[in-house]
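A short worksheet on the structure shown next.
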Amino acid sequence: MDVKAAPNGVATIEDRILRITGYYGYYPGYSSQKSASRSSVTRCKPGANCPITRSGISRQLSPLSVAEDSAAPILELQSRSPSGICRHSRVERQIRSEEGTQTHTENNSQENQAQTRCQSCTSTFLKVVWGFLIILSVSSSWVGTTQIVKITYKNFDYPFFMTWFSTNWNIMFFPIYYSGHLATAQEKQSPIKKFRECSRIFGEDGLTLKLFLKRTAPFSILWTLTNYLYLLALKKLTATDVSALFCCNKAFVFLLSWIVLKDRFMGVRIVAAIMAITGIVMMAYADGFHGDSIIGVAYAVGSASTSALYKVLFKMFLGSANFGEAAHFVSTLGFFNLIFISFTPIILYFTKVEYWSPFSAVPWGYLCGVAGLWLAFNILVNVGVVLTYPILISIGTVLSVPGNAAVDLLKHEVIFSVVRLGATIIICTGFLLMLLPEEWDEITLRFINSLKEKKSEDHTEDITDSSVHTRSRSRANGTVSIPLA
């Protein structure tokens, strides 16, 4: 009977059977040639005169002869070996075991994918939870610092001494970090080894005397100026105004990074910077361009500017730092402040710029509260980057503005003018615009396109449903109508 070539997969199965059983005439592609050679063989009944040559009658394989051709190598193998049947059964068992192994592997891969998705969802949920806690902690610590400073000014009006005293507490940053390392790390390191590992932020050689003076001095001066100007601004303005003006440092960081670091230009951030400048001008104009108001605005803007310069220079010279390196660097700033800047409050004391007669009059409780909350704020900012998304830290900072506003309104009974309130809202809006990612425009376009595609799919489904309903109703009436839409 003339038939066509065997379907795909038969030759492969034959080759596998012959290879596994060790048939002596096997070579790759044997089954296809064996099928071709059988096509030239003439089958005869027993006892009949059959031709010996293979060049006689030829036939082609058809789909009806697949089973016969697939079993031919096994039949020949059985005729050559007495144990052919047993070996054939072993082959079938081995093939079934291989198929079972493949099925088991696919099931394991599906289970692993499900576990991976579950783990990713769990990690995302934990990051969100930690982010919520970090936001509350950051905003609360910053509001607490600002409000305690305002309370301290009632009895102790010496901002530089407060700045120096609070900066000295930065020395405890690295010991706190190392305590957390001992409590959480599986492979614990000695303090000296951990200190040397974290000192790589200064270079491959670690912290040397030259690098200590060269790298730490400018950052320590900027740190002191930022905090000192912030405290001076609190003497002239309310806590709400100062915290809102300090949020302009985000705009200043963008402008300096664009000019100095050649960062990517973004139109939305330029708009945010313009909004920040507008808010500054409105805040200065609230009480007229005279008196303590304009001086307080200048102090607050100066504090935001030095903070932005600190961040840009840190990124330029030191790059990015992990939690341990940041703890090491902040503690180094505390040591530098204690060793080299301690002469400044002494000079101010003896020149009677910041002079207090009895040392018992110093409100050490308030000073320790300010220093502790300031240290907690710095620790939370660096811990938050590790535990959650960095954008949430910035949101926690801007939430200090409504927090201070609530305290000023309820406790100090401050009345906010319309101009000040508008300036605060404009500055906070510009701060939030600064938090948009660099690919925000592409993300927005993809989101809009996905919404359009979803609407078009829904519209197509509605048209299909209406056409099916129209046709069924037309058939019931004995006619068939085709919708135009």
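Each Cβ is built from the backbone N, Cα and C atoms, and glycine gets one as well.
The feature compositional bias 'Polar residues' is assigned by TrEMBL to 465-485.
Residues or ranges marked as domain 'EamA' in TrEMBL: 130-284.
The region 'Disordered' annotation in TrEMBL covers 459-485.
If you look up TrEMBL, you'll see 125-144 (among others) marked as transmembrane segment.
According to TrEMBL, the feature transmembrane segment maps to 156-178 (among others).
Look at TrEMBL and you will find 212-230 (among others) tagged as transmembrane segment. Long-range Cβ contacts of the transmembrane segment (212-230) within its own chain (Cβ-Cβ under 8 Å, at least 6 residues beyond either end) map to 159-160, 163-164, 166-167, 202, 242, 246, 299-300, 302-303, 306-307, 309-310, 313-314, 317-318, 329, 332-333, 336-337, 340-341, 374.
Annotated transmembrane segment per TrEMBL: 242-261 (among others), in sequence order. Residues 142-143, 146, 230, 233-234, 269, 272-273, 275-277, 279-280, 283, 296-297, 300-301, 303-305, 307-309, 311-312, 315-316, 394, 397-398, 400-401, 404, 423-424, 427-428, 430-431, 434-435 of the same chain sit 6 or more residues outside the transmembrane segment (242-261) yet have a Cβ under 8 Å from a Cβ within it.
The transmembrane segment annotation in TrEMBL covers 267-286 (among others).
Among the features that TrEMBL reports, transmembrane segment is placed at 293-314 (among others).
According to TrEMBL, the feature transmembrane segment maps to 326-350 (among others).
The annotation transmembrane segment is assigned in TrEMBL to 362-381 (among others).
Below 8 angstroms of C-beta separation, residues 127-128, 130-132, 134-140, 142-143, 146-147, 238-240, 243-244, 247, 250, 380-381, 416, 424, 428, 431-432, 434-435 of the same chain, each at least six residues beyond the ends of the transmembrane segment (387-407), sit close to that stretch. Residues annotated as transmembrane segment in TrEMBL: 387-407 (among others).
Here TrEMBL flags 414-436 (among others) as transmembrane segment. With a cut-off of 8 Å between Cβ atoms, the residues of this chain six or more beyond the transmembrane segment (414-436) that come close are 238, 240-241, 244-245, 247-248, 250-251, 254, 268-269, 271-276, 278-280, 282-283, 285-286, 391, 394-395, 398, 401, 405, 408.
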Contact between the transmembrane segment (156-178) and the transmembrane segment (362-381) (3 or more Cβ pairs under 8 Å, separation 6+) | yes
For the domain 'EamA' (130-284), would you mind checking the mean pLDDT of the predicted model?
-> 90
Grab the same-chain neighbours of the transmembrane segment (125-144) for me: Cβ-Cβ under 8 Å, and only residues 6 or more beyond its ends, written as numbers and ranges.
-> 239, 243, 369, 373-374, 376-377, 380-381, 383-384, 387-389, 392-393, 395-397, 399-400, 403-404, 407
Within the same chain, the residues 6 or more beyond the ends of the transmembrane segment (293-314) and with Cβ under 8 Å of it are 218-219, 222-223, 225-227, 229-230, 232-233, 235-237, 241-242, 245-250, 252-253, 255-257, 260-261, 280, 283-284, 286-287
